[in-house]
Every structure is written in structure tokens, then in C-alpha cells.
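Just below is one structure, and these are the notes that go with it.
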Amino acid sequence: MTEQKYVVALDQGTTSSRAVVLDHDANIVSVSQREFTQIYPQAGWVEHDPMEIYATQSSTLVEALGKAGIRSDEVAAIGITNQRETTVVWNKETGKPVYNAIVWQCRRTATICEELKARGLESYIRDNTGLVLDPYFSGTKIKWILDNVEGAREQAEAGQLLFGTVDTWLVWKMTQGRVHVTDYTNASRTMLFNINTLQWDEKILAEFNIPLSMMPEVKKSSEVYGQTNIGGKGGTRIPIAGIAGDQQAALYGQMCVQAGQAKNTYGTGCFLLMNTGQEKVTSHNGLLTTLACGPRGEPAYALEGAVFMGGASIQWLRDELKLISDARDSEYFATKVDTSNGVYVVPAFTGLGAPYWDAYARGTIVGLTRGVNSNHIIRATLESIAYQTRDVLDAMQADSGIKLSALRVDGGAVANNFLMQFQADVLDTEVHRPKVTEVTALGAAYLAGLAVGFWDGLEELQGKAEIDRSFKPHHDEEKRQRRYKGWKRAVKCAQAWAVLHNEEE
């Protein structure tokens, strides 16, 4: 029998599908990435084509193995990590989606959320799912598809439709429709899963008019769910053995498996997660209570704060404002000026996430004077990412009663030294950047590898979490508080803007 030397992580993100191959020492051997189409049918709506998601993801698997000359029988397991909340509904007979995937960023269900609030469901949802009633989560997206796609409601009631977050869709496709499964971390993002009983919540399903028959089976994040022969020659079947939503996978990849450990991922959005172990901490500050992974991939509780616009605001500087030609240039221009010259950018393009939860907030730039130039605006945009992180971390520390000793960071924007130093200054906390910044893929690979015995336990992997650089806070306290006060004033200017605007039309 061929020696199994590798584990593959499939990282299905918001803008691209990636495959990352790791060896036994958790070194990255090969990476393949493909972008796919973003569909914007109207303002505030975001969709993906589920068939394109699957096509790009399966081709990256074949490509990553091919690039490194790895045969499929050398792969011990596949782990999947995915953009969370994004909703796919498909017909189990034809295998075809009844509608495009509705993406986590999509705000089309804001009115459904208002109706559900008016019916008094908010506190039940909060207490039992740990989430706030917001268009972000899958529940109202499924309801929208069933209510608006012709024939969908009838098919669902006849037991012909299946729902899945992206992990579920990929596993279903990769196993030729044999396995309909998700893990606790993804289930906890649907707004339909009871995090107290660890079961689908039948009361919420009934209120949303979603049949239980559509829901996948929920399993822990580290176990063999099924086998796939994608990328396999001669019928080799590779076990699919790990699943976790991208943020929980990153938390695991950063080795934050004990209560009180936290990380921030700077991707399209920013996601701060703190593991709270077996204790469910209820937030009084607009954070989410959600499920993460314990040391062996079993469900553990976590607090989460989501910032909708992190790296996406740098893309906006590049694509819409044309102030930079490459996202990496933002650091160079931001450091050409000493301060933002009193300017604050609040990138609330799709509303504000934690701790504000204002779907009607809109982006704003305040403090403009004649002396403000493009470098100040670039700097203020980067600073907004750090301020939003502080908003969330302050809330997290208040809820958990834990003062963070250091923040572990990952994601594309952590390569920006200016942003990382400013983050440490704003938080008055050390920021630790790991050597391997592919922590989301690492997390999925670890979960899969542990399930099949490729690694014995986390102790074996602890040494992999090396720190590349620590950023220590510099600012004096008075300056720190003054700047943060200015940020809070700027946020007030952005809040509830869309409501006011609609009244004027």
C-alpha cells in the first residue's frame, strides 16, 4: 500500500476556491486557487453560482495534486473549510440548485427580518441560536428562496429539496449525492440550530416555514463523513474527514482551542473569535454566541464579532476610488503621512455588524478639510479596520470578563505592517502574526488529519504555531482615547442613514 503522506484542505471562500496540500510536518507543499463570479442582481444583493463554486473547487483539488506530482492514493484525508451562512438549495433528484447561492453579504432579507421581529421572535432566536435576527444568517435566505422561487415551496414540502451551507453542497457533490451532512460550526450559523440542545430547532423551522427534511445531518468537525474519488485515478477514494466554517477553522488553525484564546482574521470582513470552552457566554454587547471546535473537533462555545468590511474597504480604494492600483500599495501611501489629518472613514457599505447591528448604516467619510489628500483617505480607511476590531474586542472582553493578553491575527491584510502596528496601538495589546498565515486551511487540514490518525493529537501540532512578528503598542493613553472617541463620533454619522435617505425620496 502507498504511504499516505499528505492532507488536503479545500478552502472555499467568498471570492475564490483554493486547495492547499500539507505534508506530515504541516508544511504547505502545493496551492491552487481559482476566482469565481460575483453576481449582483440589484443593490445590496449578492449571489454565487453553486455549480461554479463546485467546478472551481474540484479543479483546484486536481490542480494542486497535479502541480506537486502527488497521486490521490498518497492523500490521507480532505478537510473542507468554507464561507459561512451562504445558502444553497437544490433538488435532490436532479442535483441542480433551484436558485443561485445567496451569499452571507446579501441584505435582501432585511424586510423578512423586520417581520420576524414584529412577531416577537427576536429573543427566542437570540437565546437558542446565539445569533441576532439579521439577513447575514442562512435562515431567512432559505425562506426567501422558498417564498420567491417558482415551485420551490411545493418541491420542499414534497421532500425533494435539500439545503446546505457551502460545505454541505461540496460534500454532497463530491460523494455523488450520497452524503448530506454539515458540522456544528456551520450549523450554528444558520439561525435554525439550537446551540443548547445541539439539534435543529423545530420551533424556528416552523416559524420560518422550512421543512426539517431539507436540513443536513450535523456531525462534529473532525470525523470521516464520506469518501470522494475526485482527483483520484483508478477509483482511489479519499476520506472527507474535516469540516469547519472558515472562521472556526482559523481559530483551530491558530490553536485557540482553550477558553479565553482569541484570534482576528482580516479577510473580506474581519472576524474576531474567542473560544469560551464548554461555557456558553451570552453577550450583552451585540456579539454572537456560536459554536467552535474543541481540541478533538468536538463542539465548544465561542463569542464572535463580525466586521462586514475589512479588506473589502481596501479593494474599494483600488476598484471604485482608483486611489491605489494594488491593495499592497495601501501601506506605502498610508505611511507617507503621519496621521489621517482628522479624517475618519466608516466603511459601512452594507450596514454595520457587531456590536452595532445596523442594517441601515451606510459608508461615510468625515472630517474633510482642504488639506486632506488621497494618502489621508487611504490611511483613514486602513485605520477603520483597526477601530472596528477594537469595537468588537471591547465588547468581547466585557462579556467574557477576560482581558486578552495578546491577539493572534491572520488573513490577507496582516501582511500590512502599518495596519498591524496601528492595531496594537489602538487596542493597547500585543498583536501576534504567525509564520504560516494560511491558518484557515491549516485548521481544516488538522481536523481532517486528526480524524484519520494522520496526526495523533494537537500536541504534535503545537510547535507549528510559530510567531513571525509581535507588534507592541506605542501610543500614549490620552492619544489612544482621543482618536477612538473621534471614531465613535464618525460611526454615529453613518448610522441609520438608509432609513433617512428613503424618507427623502
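In case you wondered, yes, glycine gets a Cβ from its N, Cα and C as well.
Swiss-Prot has this to say about the protein:
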BINDING   Thr14, Arg84, Glu85, Tyr136, Asp246  sn-glycerol 3-phosphate binding site
BINDING   Thr14, Arg18, Thr268, Gly311, Gly412, Asn416  ADP binding site
BINDING   Thr14, Thr15, Ser16, Thr268, Gly311, Gln315, Gly412  ATP binding site
BINDING   Arg84, Glu85, Tyr136, Asp246, Gln247  glycerol binding site
What are the sequence-distant neighbours of Asp246 (sn-glycerol 3-phosphate binding site), meaning same chain, six or more residues apart, C-beta distance under 8 angstroms? Asp11, Gly13, Thr81, Asn82, Gln83, Arg84, Thr265, Gly267, Thr440
Round to a whole number and give the Cα-to-Cα distance in Å for the pair Gln315 (ATP binding site) and Glu85 (sn-glycerol 3-phosphate binding site). 22
Hey, how far is Thr14 (sn-glycerol 3-phosphate binding site) from Gln247 (glycerol binding site), Cα to Cα, in Å? 12
If you compare CA-to-CA distances from Thr15 (ATP binding site) to each of the binding-site residues Glu85, Tyr136, Gln247, Thr268, Asn416, which comes out shortest? Thr268
The record names Thr14, Arg84, Glu85, Tyr136, Asp246 as the residues that bind sn-glycerol 3-phosphate; what is their largest Cα to Cα distance in Å? 15
Taking the centre of the Cβ atoms of Thr14, Arg84, Glu85, Tyr136, Asp246 as the sn-glycerol 3-phosphate site, the remaining residues of that chain with Cβ inside 8 Å are Asn82, Gln83, Thr86, Val103, Trp104, Arg189, Gly245, Gln247
Integer Å distance between the CA atoms belonging to Thr268 (ADP binding site) and Tyr136 (sn-glycerol 3-phosphate binding site): 14
Looking only at C-alpha atoms, tell me how far Thr268 (ADP binding site) is from Ser16 (ATP binding site), rounded to the nearest Å. 11
Greatest CA-CA distance (Å) over the residues Arg84, Glu85, Tyr136, Asp246, Gln247 that the record ties to glycerol? 15
Work out how many Å separate Asn416 (ADP binding site) and Glu85 (sn-glycerol 3-phosphate binding site) at their Cα atoms, rounded off. 28
Which of the three DSSP-derived classes (helix, strand, coil) applies to Ser16 (ATP binding site)? strand
